[in-house]
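One structure is given below, encoded as C-alpha cells.
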Amino acid sequence: MEGLGAAASVIAVVELAARVASLCLEYSSAVKNARSDIERLRKHTDSLKITIEDAQKLLQGPHGARLETSQKLREALDNTHSQLGDVATRLEAKLPTSRREKVLAYVRWRALKWPFESKDVDKIIASLQRGQDSFAAALQIDQTTGILDIHSKIVLATLPVASGAAFDSHAEEHNARCHPDTRAELLRQIREWANESQAENIFWLNGMAGTGKSTISRTVATSFAEDGLLGASFFFKRGEGDRGKAGLLFPTIASQLVRQIPALVPPLIKAIDADPDVPKKVLRDQFEKLILQPLGSIHRTRAIVVVIDALDECDGEKDVKTIISLLAQANVVRPVRLRVFITSRPELPIRLGFKDVQGRYQGLALHQIPEPVVEQDISTFLRYELARIRDEYNGQALKCFQMPLDWPGPDAIRTLAQMAIPLFIFAATVCRFVDDNGRSNPAKRLKKVLEYRMETHNSGLGNIDATYLPVLDQLTSGRTDQDRAESLAEFRGVVGPIVLLAQPLSVLSLARLLGLEPEDIHALLNSLHSVLDIPSEDNAPVRLFHLSFRDFLVDPAKRATNEFWIDEAECHKMLAERCIQVMGQHLKRDICGLKAPGKLRLEVDQQTVNAHLPPELQYACQYWVHHLKESKHNIEDNGPVHTFLTGYLLHWLEVLSLLGRLSDGVLLIKTLLHAAQPDTASNFVEFLKDAEKFIRSHGSIMERAPLQIYGSALIFSPTLSMVRKQQWNKRLSFIKTIAGIKNHWDPHQQTLEGHSSSVNAVAFSPDGKTLASASEDQTIRLWDAATGTHQQTLEGHSSSVNAVAFSPDGKTLASASEDQTIRLWDAATGTHQQTLEGHSRYVNAVAFSPDGKTLASASGDRTLRLWDAATGTHQQTLEGHSRYVNAVAFSPDGKTLASASGDQIIRLWDAATGTHQQTLEGHSSSVNAVAFSPDGKTLASASEDQTIRLWDAATGTHQQTLEGHSRSVIAVAFSPDGKTLASASGDQTIRLWDATTGTPEQTLEGHSSYVNAVAFSPDGRYLETNWGLLRINSDLDISQNQRPVNNILFVDGEWITGGGKNLLWLPPDYRALCVSVCDHTLVLGHASGQVTFFQFVSAR
C-alpha cells in the first residue's frame, strides 16, 4: 500500500478483511474438522472490519484531516493488510480454479482441507488483535482531543457527580492497596473474570466489616486503570456527603466513562439534550439513558470494568436492590463487554438483591477463602508494616533505645495474625497504633495490644473490640473516677459527632459547629491517630479510617459493656440543635453580598460563596434535617424547629441555592413532614406543606437567581400562603405593595378578582389614581392604582373591549368594543352614562379632544364618528377611507382631527365641522398610528411599510421619510418640546429621531417582544412604553445602538428591570400582554385576564 494515504489504506484493509471473512464462510460449509478455528477467524475478521470501518467513517468525515494520531497509523495498517493478504492467499490456494471446478466439483469439496493448524489461527488472531487495538487506541486519542468541543463540555458539566467517589480521588489517595504479596489468588480470579468473554457481567465480593474489601477494590481499580480497562469507579462511603447517595451513582459513572471512552460523548450528549433532567430521574431512567444506551451505540473489543465499592454504605435499602437489578441488565450491551466489580457486606437487602438476579453474577465471600491463605496474607502485611515502623523508629532513636533488627519476631507476628483473622482492619489499626508517628516506643505499644489476647479469650470480646479498645483505653487509663467520667464525656462530645457527621469537617469547622475550642479537640484527637485520619492542616477534614469504628461505638448491644459507647440518637439531637444555632447566628438576606436582585448563581464564583459561607454553615444548612430525623426527636408547634423555620426559611433556601442544592429543599421539607406529628404540631405541619408548595412553585427561579427568593418567589406566592404572610417583611426593599395575586396555590380553588379572558388594554387616569383595564371578557375593570384593589366591574358590552380612554378631567371613561359601540362611564362610580351606537363594525380606538367636549371613534367600518362627550349625541360621521380606520388623534388646539387607515392613507379633518381638509399619501402599507407635534404644526404617521413619515399639518406637504425599522411601525409620539420623535415597532425596538431633520438619534434595543405603545413623560426625560418606563440618555453617541439599560421600570420578557438590572422575575402565569407605568406603579395585563399591580418604593 505504499504511497496511499491513511483513508485509502483503511479502505484497502476493509476490502481485504471482507474477502477473508467470505473465504472463511466458503470453508465452513465444506470442512468439518476445523469449523471451530474457521469460525474464530471469521468472527475476529468481522470484528476487525467493524473497527476499521469506524476509522474509515472518521477519516473520511469533515474533520478527518485533524485526526493526527490516526493519520500516522501507516505501519499498523501495512502490517494488518500484509497479514490479511497472506491469509487470503493461503485460503485461495487451496480452492480449485473455476475451469476445473466445473469438472471436479464433487471431488474438490470432498478433498478440500483447511490450511491452518489451531496454533496458526491463534497467532493470526493475536497479530490482527494488536493491529485492531492500535486502531482503536488511535481513534480514542483523536476523539479525546476532537470530540470534546465547547458544547460537549458544557453539557457534560451538568452531570451531577459525587466528589471524591473515584478510586484515584484525593479522598482515596492515602488509603491502602494490597501488598504485592497478598491476595494473589483472589486478584488472579478477578482478572480472569474480567477478560473471559463468556463470564457473567457482575462479580460480587462480599465479606464482613474489616475484611479488606475496599483495599481489594482500590487494588483492582488501580490494576485495571493501568491496563486501560477501567471505565469508572464509585466508592460509597457513609458519612461522606454525596458518596452515600444512590442518585449520584450512575451520573458519576457516566461522567467518568466519557473521559475514558470519548466515543461515548455524542450519544451521552444526545441523551442529556433530549432530557436535561435525566440525571435527576429515577435510577432506571438514569441507567438506561446515561449508561446502557450510550454503551450500546459504540463498538469495543476490550472489556470495560466498573468498580463499585461498599455498596452496603449506599443510603436507601430499596435503592440498593434497584442498583443490583439494573447492573445485572448490562449483559444486554452486546457491542461492548461491560464488567461490574462490586464489594459489600453481606447485608440482607444486598443478599435479597442478588437473589433476584441469581445466575447472572459471579460471587465470592471472603470468609470462603481458606483460613491459612488469609493468615498468610495478614502475616505478610504485618511483617512488612512492622519492619517499616521499626526501621523508621530506629532511624531517629538513640542507639541505646533502638529495637532489635528481628523485632517483633515470628511469634508476635503469628499471634497478631491469629488475633486478626479474618479482619485486615485489625492488622491495619494495630500497625497505626504501634506506629503512632514516633510519639512513643512501638515495642511498648505492641506489648499492650498483645495483652488483649488474653482479655479477648477470657471476656468474650470480639475481634472488633480487640481492634479498638487498646487504642481507646489509653484515654482513661490511670485516671480517677471523676477524671474518667470527664474524659468519657469529652470523648462522646467530640468523637460522637465525628463518627456521625454526614460529611467530614476539619477541626476548625468542627469546633465552630460544636461551640468548642480547637485546642481542646486537638488535645483529645492526639491519642486517636490510629483510628481517625487526622490531617496536619487545620482546614482539612478529619475522617474515619474504617466504618467499623463507628459501628463499634454506636452498637446498641455494647451499651452495657463498652464504656466508650455513644448514644446515637442523643448525639444526632445535639448536632441538630448546634446546626440550628449556627444557622441562627449566620443566616441573613443576601449573605454573599450579591446586591443585584437578578444576579444569577452561575455568575457567583465559588470563592465568593466560600468566603461568606464557612464550612460549618454549609454543613448545617445541608444536614440539620438529617440529624433531626436520626435523633427521632418529637417536633412540636412553636418549638425550636418551628421557630427556626418561620424566622429563617427564606435565608436557609438562599444558602441552598448558592450551594446548588436547592433541589434538596423539597426532600428536606418532606422529611420534616414525616417527622412531625399532626396531633402535636398541626400548625407546623400546615406551614411545612405550604413551604413545600413554595419551593416547588418557584424552585426554577430560586435556583437560578438566589435573591429572587425575596422577590419573585415571595411576591407571586398566593396571598393566603402562610410562607408569604409570615415572610412578607423580608421582601426586596424596592417593592412597596403588590395586588392582583391569586389567593391559593391550587388553581381550582382560586377566587380571583380579575378578568376571565385576555386583557387588551390598560390606561391610567390623568391623576394616576385609577387604572382601567379592557378585556376580551367584554368588561372593563377599574382599580385603585396605589393598592391594586378592585373597585368596579363595568359590564354592558356584548363583545371584546378593544380600547379605553379617560377624559382630560378624569371624570369620564370611554370604552370601544367589537360589539360596534362606544360606552361612556362615570369613572368615580362606574355608572353607565351613555351607549354610543352607529358604527356597523368593530370600534378600534377612541380619543377625547383636549377640552374633553368631543369624543372621536375609529372603526373597522371605514369611518370616524364624532360625539358630544357630555350628552353622547352623534355629531359627525367622517367618511372617505376605503378600509378600516386604525387610529384617531386630535391636534393640540383641538381644531384638527387626523385618522390613519388600512388604505395606506392619513386624512385630516376639521374637528368642528367634520369637513375633509387633506389626504396624505405616500405609505405603501397600512397606517397604524398618527400623532401631532406639541405646536400642532407637524404630523407623524407610522406604517406597516416599516417607515415613519413627517407631514406639514397645515398644508399636508410631505417633509421627511424616516427609515430604519425592520418591521411594522406601530406607534409614534413627540417629546413635550417637539424636538424629538419616538417610534415603536414590531422589530422589538424604539427609535428616537430629530423631529426637525429626521436624523436618527438613538435605537433602544433588547425588548423581548414587539413594542406597540410609546409616549413621553411630561418633562420629556422618560419614555412610557407597553413594556415599561425608560430613561432617555441625551448624551448617548447617536451612532451606537442602545439596549434599554436606563429603564426605570420596564418589563423585558420574564424580568421586571430597573436601571438596566433585573429586579423581579415573572413566573409564566404573570408574563404580560400589556404594561402601563405611572410614577412608582407598574401594572401588567395578562392573557389569563388577571391584572397585577406593583408599587415600588422608587421608580425614578
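Counting begins at 1 with the first residue displayed.
Yeah, the Cβs are placed from backbone N, Cα and C, and that goes for glycine too.
Feature annotations, courtesy of TrEMBL:
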| type | residues | note |
| --- | --- | --- |
| DOMAIN | 201-346 | domain 'NACHT' |
| REPEAT | 752-793 | repeat 'WD' |
| REPEAT | 794-835 | repeat 'WD' |
| REPEAT | 836-877 | repeat 'WD' |
| REPEAT | 878-919 | repeat 'WD' |
| REPEAT | 920-961 | repeat 'WD' |
| REPEAT | 962-1003 | repeat 'WD' |
Positions whose Cβ lies under 8 angstroms from the repeat 'WD' (794-835), at least six residues beyond its ends: 757, 760-767, 770, 772-776, 778-782, 841-848, 850-852, 855, 857, 859, 861, 867, 869, 871-872
Distal contacts, the repeat 'WD' (752-793) - CB-CB under 8 A, six or more residues away: 737-740, 742-743, 799-806, 808-810, 813, 815, 817, 819, 825, 827, 829-830, 1073-1076, 1078-1079, 1081, 1083, 1085-1093, 1095
Structural state census, the repeat 'WD' (920-961) (DSSP three-state): 0 helix, 23 strand, 19 coil
Secondary structure composition of the repeat 'WD' (962-1003) [DSSP: H/G/I, E/B, coil]: 0 helix, 23 strand, 19 coil
